[in-house]
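Enquirer: Below you'll find the structure I mean.
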Amino acid sequence: MHPSYGAIETPKTPPVATTRRRALAVAIGLVVVFAALFVFHCLTVPGALHLTRTTSMEEGGAESETLVELHVRPQQLHLAYAGVEPGTAMTVSWTTYHRINDSAVWVAGHSFRNASHLAPHMASIASYYADDNYTLYTYHVTLRGLTPKTRYYYQVGSLGNATRRSSVFHFRTARPSNDNHSFEMLMYADFGERNAEATVSLVSALAERLDFIWHVGDISYADNAFHDLDKDVNALGFVYEKAYNAWMDSLEPTMHHVPYMTTVGNHEAECYSPACVYSAAKQAQLSNYSAYNTRFRMPSAESNGSHNMWYSWNHGPVHFVSVSSETDFVGAPSNNKGTHVPNGNFGDQLAWLEADLQRAVAERAERPWILVGSHRPVYGLKVFKPTGHPAKKQEAIMAAFEPLFLKYKVDMVVSGHQHAYERHLPVARNAPVLAGVSADRSVYDRPQAPVYMVSGACGSTDGHEPYNNIPAQTWNVMYDNEHYGVSLLKANRSVLSWQFVDAATGQAIDAFEIRKADD
């Protein structure tokens, strides 16, 4: 149950156009918006246009006690690995619709009986957006001094009011680097609400066997929510937060006990709906990845990264690296769609990446695998023109990242952006590297170049990616743009086993493994 999200504001002076074409587009947009608002005003109850039910009111105008309690109870709980040493820390995050200043986490190692017998860990509080109708408050607590590969029980909420607390949940800390047992994780990208019901169910069904989940960009598609004209009668209202909250609610039953790591994607950049384009206040609050960087808390401080834009962490025999394919390299996409607030400028990403990979290589005896998550693919079928040449944006991504991936012998790079699944051979400089690849392409034995994967088939408003007039590539093994699904990775020191799992049936559509000698 959510608060009112408000409506499109009466347009003030629009942003200064940078070109005549932009000015004309804005003028046309104003006419369209005013016309739509007039129609909706005639067809709906006078007053603000709301995309959810009007806040329930008791007789006399007071907000109902039940609704108030729903707004102060913790929601959207999620976890993320933390700490320099794997397994020694965990970040717990949640939200409320009213600010709770004494918010805390209580944690126990064996059983959880009563929070009053445990020391509270006080939360930081942040809010990236507020208007007259709505504010979301996000809370983060990093629990430190934990033991690797250990189950803990926790509760979050108000220190002084036990009715404003969550249920008791549990999590398991990360594996230490010397753990020789296999573990499983999910990797995927491009996960919205529409067309994703089966994926949500599959993720929930797999949760108990997973160490963690890695969502490689495009989380919720809140920025695209205003496109769904057939879903919300008042579609010109402010829908960004409604969509984000609905998506977080749908995954919360999994995220409150399975760590949920994230990578930035293009749809995290900003709100560009009419309600945002014609509101300087909304633009200022919802631009430059503000929602993404506030809602989540990744271990960037421990890895010398920047916000949630780029960071790394270790888990068992694997070093994981999350990079931004959206910002902070020469030719990076701006991701501005109608707004004028600059995106990016989070730091020197490539210098950080090289330093991080240098350390990972130096510690390869301890952790033999290096896996990178990048929302936009370095190699993908749709990023090449029919002529076979990469698109301009793709040239910039390849120039920024591929030399470092080759230099430091990254094992695998997983991406999304294309709403489909693709598996490729080891690739270097746009050519397949076949050394160690079996004839049936099911085994890559000590490959001599990174293996590039695209796993963006979770389901979103846009549906499946059309694959028309795409050039054949010698490095492509297969693609699937008909099924929704997720990628399941099983890892130990010597083998990475990969499956693309159909969300509807739970069956593997594609499977292969990468082998590495355990020296």
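Just so it is clear, glycine is given a Cβ too, placed from its N, Cα and C backbone atoms.
Per TrEMBL, the features are:
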- 74-173: domain 'Purple acid phosphatase N-terminal' (DOMAIN)
- 179-421: domain 'Calcineurin-like phosphoesterase' (DOMAIN)
- 449-510: domain 'Purple acid phosphatase C-terminal' (DOMAIN)
- 23-49: transmembrane segment (TRANSMEM)
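Situate these features within the shown structure.
Expert: Computed over the domain 'Purple acid phosphatase C-terminal' (449-510), the whole-number mean pLDDT of the model equals 96.
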Enquirer: For the domain 'Purple acid phosphatase C-terminal' (449-510), jot down how many residues DSSP puts in helix, in strand and in coil.
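Expert: So the domain 'Purple acid phosphatase C-terminal' (449-510) is made up of 0 helix, 29 strand, 33 coil.
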Enquirer: Provide the three-state DSSP residue tally for the domain 'Purple acid phosphatase N-terminal' (74-173): helix first, then strand, then coil.
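Expert: The domain 'Purple acid phosphatase N-terminal' (74-173) comes out at 6 helix, 50 strand, 44 coil.
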